[in-house]
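Novice: This is the feature table in Swiss-Prot:
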- 18, 19, 20, 21, 22, 23, 24, 25: ATP binding site (BINDING)
- 69, 70, 71, 72: GTP binding site (BINDING)
């Protein structure tokens, strides 16, 4: 058995954690539908024992997802140490997925569901203080996560689609590159590893016929690409990424989020994200996905 076959034969454990209200339950449901054995709210101290069960070769435990949250704050404090211990001592492949969202979005979700945040201590603390406290306590586990997903602007359907892309096809290369366009006026892409600001390029918004269109339309795309500044920028951008991406892969990173921003996220960033996605698909044998976060907002199209 070669090394690749050995890797494929190993059991896989995905720890799903993150901010309360960011989508952990939805992710666990999605993974369960995809054939994962799922466990909700396992105390971190029991993680090594669970891994021992997985090492016994039970076929039903070959792909496992465990949701762990901050409800048992004292127990949660040991999670980073437990994960590091399992990674160093076990043959089980362990990844950590961290889900987050903006404070404003989390407050909105709690108001919609009328549920209490687990750290509100039966109403003794405000919701915003509970969220901020949780964010601070989770900063360490976030720093070791293989996947960080910001669900602020993701619908439940979009979150499920992203999870399926990452985990559904075992034959795919495990390293994933997500290229996202966004508009600075709608907020920066919070889960981005690399952010590139293209607001210095000529803006199609000021061409009346192009204003209602997006960078997905041929006329807008051609307008953005016809400028010398665009060609110079794209050449420098791809030269930089050609150098950086193999380094990220070598260091064990599972995903890379590249965000390209313009003013509204409708024209320049969309066109360049499309071009960059095509380039990366041609140059690298990795999973490359392109997403346009804000194009529908400015153009008035339905999402």
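Yeah, the Cβs are placed from backbone N, Cα and C, and that goes for glycine too.
Bear in mind that the values here come from a model prediction, so they are computed numbers and not experimental data.
Let's see these features in context: how buried, what's close, how far.
Specialist: Of all the Cβ atoms in the protein chains shown, 29 others lie within 10 Å of the Cβ of residue 18 (ATP binding site). In the three-state DSSP scheme, residue 18 (ATP binding site) is classed as strand.
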Novice: Three-state secondary structure of residue 23 (ATP binding site) from DSSP?
Specialist: coil
